[in-house]
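Chemist: Summarising the annotation, Swiss-Prot assigns domain 'ATP-grasp' to 107-300. Annotated ATP binding site per Swiss-Prot: 134-186, in sequence order. Marked as Mg(2+) 1 binding site by Swiss-Prot: Asp254, Glu267. Look at Swiss-Prot and you will find Glu267, Asn269 tagged as Mg(2+) 2 binding site, backed by sequence analysis.
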Amino acid sequence: MSGIPDPQRVGRVAVLMGGTSAERDISLRSGGAILAALQRCGYDAEAYDPRDRALEGLRGYDVVFIALHGRGGEDGTVQGLLDLLGIPYTGSGVLGSALGMDKWRCKRLWQGSGLPTPAGQLLTGDRPVLDEGVGYPVIVKPAREGSSLGMSRVEGPEELAEAYRVAAAYDDTVLAEAWVEGEEYTVALLGDQALPSIRLETPHAFFDYAAKYQAEDTGHHCPSGLGPEEEAELGALCREAFIASGGNGWGRVDVMRDTGGRWWLLEVNTIPGMTDHSLVPIAAAQAGIGFDELVARILGEALR
């Protein structure tokens, strides 16, 4: 099948999972699902948890499937090490990973590229204040954290300090971003292909950690209800944003569609979740790609 490497030619595969970030538990779930899929496909794949094993031991593998989420796995650090070791790996390289992890710098890059993204600013100190160009309500979040950890919707200045405190517990760089009223969508990217978009629906104030991984009432609408032209427009925008931020191989771009029908880029995820609640497998299934094939094709992107 096109894009799927021959297990006999791949060699040993390390599934890098777990780690020490705040997203360790999600990483273990993603990595476990990926490992099982690779083994079902006939690959010589093993779990490798850098919390318990030195990364130097990766020298004994031929390719690494990165299933780490958050710092130390999604921010370019492990990618840099693997580059030095000369071992191919799944997903984006050092630059794309670092930019994808840093929501503020990614936003600035998109703004400089003329891509639509909500107004935002960094918050600092014990008395954070919004600039005039960023009005309430806002979403306050750690600039370098995933899975919507540490995020709060803020309706007015009296709530800002507490939201800053919550976000700062995860990262010393805190971003305030203008709230976009409308519907949230996400687009998964696999190689050169934008997979069918997903429209997200949740009774929560936004698509937070609980909505992503715990809630049973979160709606994942795929197909999303967009017409063919709208679907193509959204897919092209997300591919452009992904490429502009240095993304490669596979990933996901989250967007909002405001009440006027305009798209707004929120963030890039260079190592999306692969759990039973995750979005990329849902989009792939809509495109006729089963989970095992999806995992094998992601591996194949690393070996192109």
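Quick reminder: no glycine exception, Cβ is built from N, Cα and C everywhere.
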Chemist: Tell me, by DSSP, whether Glu183 (ATP binding site) is helix, strand or coil?
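Modeler: In the DSSP reduction, Glu183 (ATP binding site) maps to strand.
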Chemist: Counting only residues 6+ away in sequence within the same chain, which have a CB under 8 Å from the CB of Glu183 (ATP binding site)?
Modeler: Arg199, Leu200, Glu201, Met256, Arg257
Chemist: DSSP three-state call for Glu162 (ATP binding site): helix, strand or coil?
Modeler: helix
Chemist: Can you tell which of the binding-site residues Val134, Ser148, Glu162, Ala176 lies nearest to Glu267 (Mg(2+) 1 binding site) in space, using Cα positions?
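Modeler: Ranked by Cα distance from Glu267 (Mg(2+) 1 binding site), first place goes to Ser148.
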Chemist: Would you mind reading off the Cα separation of Ala176 (ATP binding site) from Asn269 (Mg(2+) 2 binding site), to the nearest angstrom?
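Modeler: The separation of the Cα atoms works out to 19 Å.
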Chemist: Give me the count of other Cβ atoms within 10 A of the Cβ belonging to Ala176 (ATP binding site).
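Modeler: By my count, 25.
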Chemist: Rank the binding-site residues Glu155, Glu162, Asp254, Glu267 by the number of other Cβ atoms within 10 Å of each Cβ and report the first-ranked residue.
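Modeler: Counting every other Cβ within 10 Å of each candidate, the maximum falls on Glu267.
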